[in-house]
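The annotation domain 'Gp5/Type VI secretion system Vgr protein OB-fold' is assigned in TrEMBL to 384-453. Annotation comment: TrEMBL describes 470-566 as domain 'Gp5/Type VI secretion system Vgr C-terminal trimerisation'. The region 'Disordered' feature in TrEMBL is assigned to 660-706. Under the heading compositional bias 'Low complexity', TrEMBL lists 683-697.
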Amino acid sequence: MARMLTIGTIKGDDAFVVEKVVGREEMSRLFEYRVDLLSEKDDHLAKDLLGTNASIYLEMLGGADPRYFNGYVTRFAHLGATRTPAFKSGHGFRYQLTLSPWLWFLTRTSTCAIFQQKKILAVVEEVLGRVSELSSFEKKLTGDTEQRDYCVQYRETDFNFVSRLLEQEGIYYYFTHENGKHKLVLADHPGAHPMLPEGPELRYSASKQDAVTLRAWIHHAEIQSGAYAINDFDYNKPNTALLKVASKERPHKNAGFEQYDYPGEYLEPGRGSTYANIRMEELHCQYEVDRGSAVDRRIRVGHKFKLVDHPVSALNQEYLVLGHQFTAVNNVSSSADGEGATMECSLSVIPAATQYRPPRVTPLPSIPGPQTAIVVGKQGEEIETDALGRVKVQFHWDRYSTGSDKDSCWIRVSNPFAGKGWGAINIPRVGQEVIVQFMEGDPDRPIITGRVYNGENQTPYDMPAKKMITGMKTRSYPNGGNDQFNELRFDDSAGKEQVYLQAQKWLDFRVKSVFKEWIGATSNTYAAGSIMAQTGNEYHLTAKGDMFVTSKDGKVVVKAKDDIMVYTANALGTEAASFSTHMAPKVAVTGKDRLDLYGDDIRITGKSKIDLKVGGNFISITPGGIFIKGTMVNINSGGSASEAAEVSANTFKDAKLPAHAMNSEGGSKSPPPQARTKPQGYKGQASSFKAAAKGGSPLVKPCAEC
């Protein structure tokens with residue numbers, strides 16, 4: 001006899017008799033066919049059938065080509081012995097299996113992965129390629145997808161990842177079936193849907209009950225928002241307005257309510273407009289949804305038909321099938337002549353002219369708390385950054401990391417304050433561990449908020465012994481050694497408090513107004529080279545005690561454009577191996593009471609004249625002669641001259657040498673992160689998968705007798 005339903009499995013075309021099939025098909029959802037089976041054998045095992053391909057044959061009416069439901073066995077159950085008319089013995093064994101699409105296997109694979117500089121569709125195709133020996137898909141797309149600088153799959157199945165990306169872009173899918181295989185069809189426009197292959201029309205009749213007539217039809221309409229607004233922010237172009245609004249008028253009251261969402265997941269105004277329209281279409285494809293029921297075998301999700309003979313003429317139009325649920329009960333009796341087979345179904349549809357968009361029901365992964373990561377850069381580079389001071393990192397969960405600048409997008413770094421050309425900056429270096437948080441928990445939007453030490457990169461001061469120290473210690477770039485660094489350190493040890501500052505090369509101070517310095521004890525300055533000081537006005541030095549200036553190996557030069565004045569309330573002494581003074585044009589020396597010149601040999605030379613004068617008496621020596629004039633001139637006539645007072649030798653002290661500033665020790669270079677060992681490919685490429693994918697088997701043939 002001819003049965004309405006037969007099934008071909010890896011066990012063969014006649015290993016099972018189909019008792020019943022309960023099927024569920026929906027747009028942008030995985031189909032599922034639950035199949036109740038009978039067999040004369042009791043040794044069918046799950047390990048033999050799970051993961052293999054199977055095809056259900058459905059006999060169509062009117063001589064039309066048979067219809068197939070193809071899928072992979074994802075569940076299998078042995079239900080025990082039963083009495084059944086399917087076999088002449090009257091006895092058999094009951095089994096149940098579930099058929100699912102190849103896409104279902106992506107629900108059994110999950111990972112963490114980063115995609116960069118790719119369009120969304122390219123990301124989807126790459127993920128589908130992970131099961132390339134199973135996958136079969138077709139693209140019926142008119143729109144382009146967004147180019148993402150950075151897109152993260154985080155702790156989610158491949159199926160969820162692909163689903164949420166497609167939902168974001170307004171791309172939906174359905175399946176087509178053949179004997180031995182099925183195909184995923186990606187679509188984004190009404191023209192992507194063919195008419196039902198057995199005929200474009202479905203007839204409605206509330207009274208006539210046959211296998212080609214819709215017996216129930218319900219028209220639903222529901223208010224949707226009249227406008228959808230989305231917004232986002234591009235920190236590269238912070239003044240760019242990204243707010244976009246899409247609207248759709250409906251001819252009923254209270255139709256103008258607006259929905260608003262942020263962030264819209266876009267950075268270009270044009271893409272924002274596209275997303276706003278997609279969100280609007282997502283809402284309004286639910287504005288009118290019709291539902292029907294029938295015993296028709298032709299209904300297919302993703303296909304169109306025209307409803308005819310409905311008493312409400314406005315409903316006689318073309319529709320797109322979104323959902324199809326059916327229960328097919330087979331004629332299993334070994335003696336009956338095809339009687340007893342039934343197939344009841346329900347369907348949900350929208351007007352075919354309506355742009356369908358999938359609802360965004362797949363949850364986005366969220367990272368609610370902070371994570372840490374390791375800074376990466378180009379090979380051999382110690383600091384890798386860009387114009388915004390951003391860096392790239394290697395996340396601990398990234399199994400595909402190369403340990404290079406290809407591991408992540410540029411990530412902004414939080415700083416104490418950030419102005420327009422002013423603020424604070426400290427670039428994390430390659431190999432350092434940083435704290436990463438995510439805007440609204442979105443893995444696609446990381447931001448670095450801090451840094452931490454670890455077992456490899458330890459603190460610049462030994463802890464906990466130096467727990468009282470606060471400070472910053474840098475490292476010279478590039479290729480700085482352990483003793484090459486700048487440092488600012490605060491030691492809060494009671495009684496030994498200290499502020500320590502080290503500049504590896506230059507230390508520059510620029511004070512645009514007043515610089516004040518107060519030192520409670522001693523100030524020490526040591527320069528291995530020279531000390532230069534210059535003022536734009538006066539220069540004052542005051543010492544309460546002695547003041548010493550010592551030049552150990554050179555001269556002391558004092559030069560002034562105007563007067564040089566030396567004042568002391570006591571003695572002014574000089575001591576030198578020789579003493580010379582050269583001044584032009586005049587030199588004046590005045591002693592208020594007396595002026596003494598004392599020495600073993602005193603010489604006075606005037607090139608043109610020497611005068612000695614007391615009152616009106618004088619001696620004048622010129623090249624022309626000696627002239628003496630006085631009230632009385634006595635020569636060898638008694639009297640005596642007073643001796644000049646001998647100047648006692650002064651005791652000069654050298655200036656004390658300054659104490660040296662204390663030294664500090666540097667740190668070591670952070671090692672760059674290493675490339676990760678890439679995970680092996682999925683094990684889904686079992687031999688049965690290969691056979692099913694390559695050969696299109698198992699083939700199912702209708703049988704005249706079973």
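Just so you know, glycine gets a Cβ as well, placed from its N, Cα and C.
Just so you know, TrEMBL annotations are computer predictions that nobody has curated.
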(request) Could you give me the DSSP helix, strand and coil counts for the domain 'Gp5/Type VI secretion system Vgr C-terminal trimerisation' (470-566)? (result) 0 helix, 14 strand, 83 coil
(request) Work out, from DSSP, the number of helix, strand and coil residues along the domain 'Gp5/Type VI secretion system Vgr protein OB-fold' (384-453). (result) 3 helix, 22 strand, 45 coil
(request) Quick one: average pLDDT across the domain 'Gp5/Type VI secretion system Vgr protein OB-fold' (384-453), no decimals. (result) 96
